[in-house]
Amino acid sequence: MDAMDAEDEVPVSTSETSTLVDDNSTVVNATGAVNLQPVPAVIPPVVPTAILPPVVPAIAPRLAVPPPIPPPLAPLPVRPPVLRPPVAQNGEMQENDSDSDLEEMVSGRGAAGSTQEYEISEESRIVRERQEKALQELLMKRRAAALAVPTNDMAVRARLRRLGEPITLFGEREMERRDRLRMLMARLDAEGQLEKLMKAHEDEEAAASAAPAEEEDIQYPFYTEGSKALLDARVEIAKYSLVKSALRLHRARRKRDDPDEDVDAEVDWALKQAGSLALDCSEIGDDRPLFGCSLSHDGKMLATCSLSGIAKIWSMPQVQKVSTLKGHTERATDVVFSPTSNYLATASADKTARLWNSEGSLLRTFEGHLDRLARIAFHPSGKYLGTASFDKTWRLWNVESGEELLLQEGHSRSVYGLSFHHDGSLVASCGLDALVRVWDLRTGRSILALEGHVKPVLGVSFSPNGYHLASGGEDNTCRIWDLRQRRSSYIIPAHSNLISQVKFEPQEGYFLATASYDMTAKVWSSRDFKPVKTLSGHEAKIMSLDVASDGQFITTVSYDRTIKLWSSKNIEKEEKMDMD
């Protein structure tokens, strides 16, 4: 009986799936798991009704064996493997070691029921091909860089011809042709065609060894041989410049050593005269805009030229017309008086320069330029004439014979202005290439190339002191170059528009005058290059100016067709009248 009761009291069977633990939790047992020991029933003791203890919920005993992880209620979805391209390390392609692990994991999940094969995508294949192609090109370039390629263009063409390639392609330049030969040689080297390459090299060496034997008798001079007239002119210019430079140096030493000479007082007086410049006369010069003006060496005549191609001579200081010079077929671009006589020369866009006397008679025509002329200038001796042209050259002419002595190249663009040194040994040229060049007339060499302007240079002038050179151009600045130091010593922000002309005072160079398209002309001190006077009055851009030999007056011509005379003598007359 007791045994049967004991069997009936077993409360837990193997088919049960949950057991009550407390009010809010259940313990889930796996079916067919470990059988639990029977838990004896807890019988509360009998307590008298008078005192009732608080009701304590039954606490299940903690299981001695931890329950295993239950299986999921539904199979997990199989995640497709991620295909990653192999990573290059140290130049070698390495495979992914985790591919087999992924396959095992996928195959181990029986819920999917299938395995996936790895295939390289189209994008990965294209990337791999691109990498291989880039690697081959890099190796090809390295091989090409190690090859010896001729630097002479004729040798490059000869090797291309021997290799059976076109010697030049349409629009191909020298460096491109050399690069093409280099890549061709590298490709032949990579393909193993060394015999063809070596044969071409041997043919070149054979041709090079045979060439000197044929050209031994030919000797080329290292200079351009000039005419006998040019040689005589150089000798005469050298003799003239030696005398003039000796006189200049003697005068400079006397001013330095003589206690009676007060240079500062002279400069102050000259600047005072320049500061007192005022408009003395204004005259209509032509029906068309005026382009150039020049004062005679004695200051008694003024010459002007205009767009009509006509030049006129005026008496000074009344500015009355004396004669008219007609002969040019195009506009006149410049006019200049000879420093030793009353002859004058004109330049024109008809590619010629002409020599006239003061009565208006044509004496000589200088022909030879291939494009229109710009500025012209006489040599201090008066025997030679320099012309600047838009054909990128300037030329030196013999005034007496009209013969062309020198055709000088050197500028990369049009030559616009010329100025001779007061000693006669040097000449400065400026042009649209923003460059100022100084040439030695005795040897024909370019001794200085002065760089600094950022736009075309339109005017240049030597100072009588012998070592200062002024230039002005389209960058609105006037630069003062020191020939002793070979650099720019002053930069004057002179005008608000381009500078058309610059001129030093011709006697001592105590001041500098500049003309500009801003309708003003300005006077600057040569001591510190500070402004002294601004000459305002023109109604259009000023094309040119000139300074009298004694510095007492300045003439300007403008696009408004007027000639204006700025004088300091009328100020002296007024002062005398006031004193009287």
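Just so you know, glycine gets a Cβ as well, placed from its N, Cα and C.
TrEMBL annotations: computationally assigned, not manually curated.
The feature region 'Disordered' is assigned by TrEMBL to 1-24.
What TrEMBL lists as compositional bias 'Acidic residues' is 1-10.
Residues or ranges marked as compositional bias 'Polar residues' in TrEMBL: 12-24.
The domain 'Pre-mRNA processing factor 4 (PRP4)-like' annotation in TrEMBL covers 151-204.
Taken residue by residue, the repeat 'WD' (325-357) breaks down under DSSP into 0 helix, 17 strand, 16 coil. Among the features that TrEMBL reports, repeat 'WD' is placed at 325-357 (among others).
Per TrEMBL, repeat 'WD' is recorded for 366-407 (among others). A mean pLDDT of 94 is what the model gives for the repeat 'WD' (366-407).
Taken from TrEMBL, the feature repeat 'WD' applies to 408-449 (among others). Sequence-remote contacts of a segment are chain residues at least 6 beyond its ends whose Cβ falls under 8 Å from one of its Cβ atoms, and for the repeat 'WD' (408-449) they are 226, 234, 237-238, 240-241, 244-245, 248, 371, 374-381, 386-396, 455-462, 464, 466, 469, 471, 473, 481, 483, 486.
Residues or ranges marked as repeat 'WD' by TrEMBL: 450-491 (among others). Residues 245, 248, 252, 375, 413, 416-423, 426, 428-438, 497-509, 512, 514-516, 524, 526, 529 of the same chain lie 6 or more positions beyond the ends of the repeat 'WD' (450-491) yet place their CB under 8 Å from a CB of it.
Helix, strand and coil content of the repeat 'WD' (492-534), in residues and according to DSSP, is 0 helix, 23 strand, 20 coil. Under the heading repeat 'WD', TrEMBL lists 492-534 (among others).
Distant neighbours of the repeat 'WD' (535-576): 270, 273-274, 276-295, 297-299, 302, 304, 306, 314, 316-317, 319, 334, 497, 500-501, 503-507, 510-511, 513, 515-523; these residues of the same chain sit at least 6 beyond its ends, with a Cβ under 8 Å from one of its Cβ atoms. Among the features that TrEMBL reports, repeat 'WD' is placed at 535-576 (among others).
Secondary structure counts, DSSP: the repeat 'WD' (450-491) has 0 helix, 24 strand, 18 coil.
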